[in-house]
Amino acid sequence: MKNDERTPLPDALAQPLERFYAYLHTEKGLSLYTQRNYKQQLETMTQYLVQVGLTHWTQLDSAWVRQLVMQGKRQGMKASSIATRLSSLRSFLDFLILRGELQANPAKGVSAPRKQRTLPKNLDVDEMAQLLEVTDDDPLSIRDRAIMELMYGAGLRLAELVSIDIKDVNLSEGEIRVIGKGNKERKVWFAGQAQEWVGKWLKLRSQLADSAETALFVSKLGTRISHRSVQKRMAEWGQKQAVASHISPHKLRHSFATHMLESSNNLRAVQELLGHENIATTQIYTHLDFQHLAQVYDQAHPRARKKNKDD
């Protein structure tokens, strides 16, 4: 149903919604985008509830809320979209409780359909070695190999990588300070090949970087490299190195996670390395099979092992 086809809501339903929108704006200070999203979700649900007989919010019980879930499934909505709807409804009903207009929140006992978790695609160790066997020695190629070694060697998100400044890197200790999701700071470790190639890049960085630029990785224009540039260059290297599957920054992070868990018995440690808030997010990489996991970072990561001086 399009917005302009919607029938006006009864005052008993519309007025509490308007008070909630004002609350989101004045007291919660949410962005306009988030406010619009709440409004769209709530008004879509309320239109449906009116059609099936709701006239006042005090009528709403868990059976009505389950109807909303079933309606979403009939419409072919993703489980995550239904969960977003339910979250919006819970927030609104909590507001009504806060105002003394409801006694309990009927949406709190209703769950969205379980989201089907698909296993992330990753490269195996041989494919990673093939991708990273970059022999070109120009500054851009060395930068690109340093980026790929670091993303795979530390399991970084793309946003984390491009936001790294020179001051965040302790090369000798193999440590980097990154800002992850939710603006949370964490320390990541890198060793072996990643440490070696970041060091090579740092020696050449001044050939490309503007004098005032603080970013670790810069573009050929001398400024901080963009997300899109990293994605494009990785895809190009995948083709050049004849790797069968499409290469993306996310795939390198997935490969880091999978390879670490295949060689390590420490799910919590890998959770910390990835910056996952919830361990369930990390568990997806285990294929629900923990029997073959063994031990942690320097011993586990195939490119973190230091070369023997006699090699």
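For all residues, glycine too, the Cβ spot is worked out from N, Cα and C.
Feature annotations, reproduced from Swiss-Prot:
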- 11-97: domain 'Core-binding (CB)' (DOMAIN)
- 118-298: domain 'Tyr recombinase' (DOMAIN)
- R157: active site (ACT_SITE)
- K181: active site (ACT_SITE)
- H250: active site (ACT_SITE)
- R253: active site (ACT_SITE)
- H276: active site (ACT_SITE)
- Y285: active site, O-(3'-phospho-DNA)-tyrosine intermediate (ACT_SITE)
Active-site residues listed as R157, R253, least Cβ neighbours within 10 Å: R157
For the domain 'Core-binding (CB)' (11-97), the number of residues DSSP places in helix, strand and coil: 71 helix, 0 strand, 16 coil
Cα-proximity to K181 (active site), 10 Å cut-off, over active-site residues R157, H250, R253: R157
Among K181, H250, which are active-site residues, the residue with the most C-beta atoms within 10 angstroms of its C-beta: H250
Integer Å distance between the CA atoms belonging to R253 (active site) and R157 (active site): 7
Assigned element (helix, strand, coil) containing R157 (active site), judged by DSSP: coil
Three-state secondary structure, which DSSP defines for H250 (active site): helix
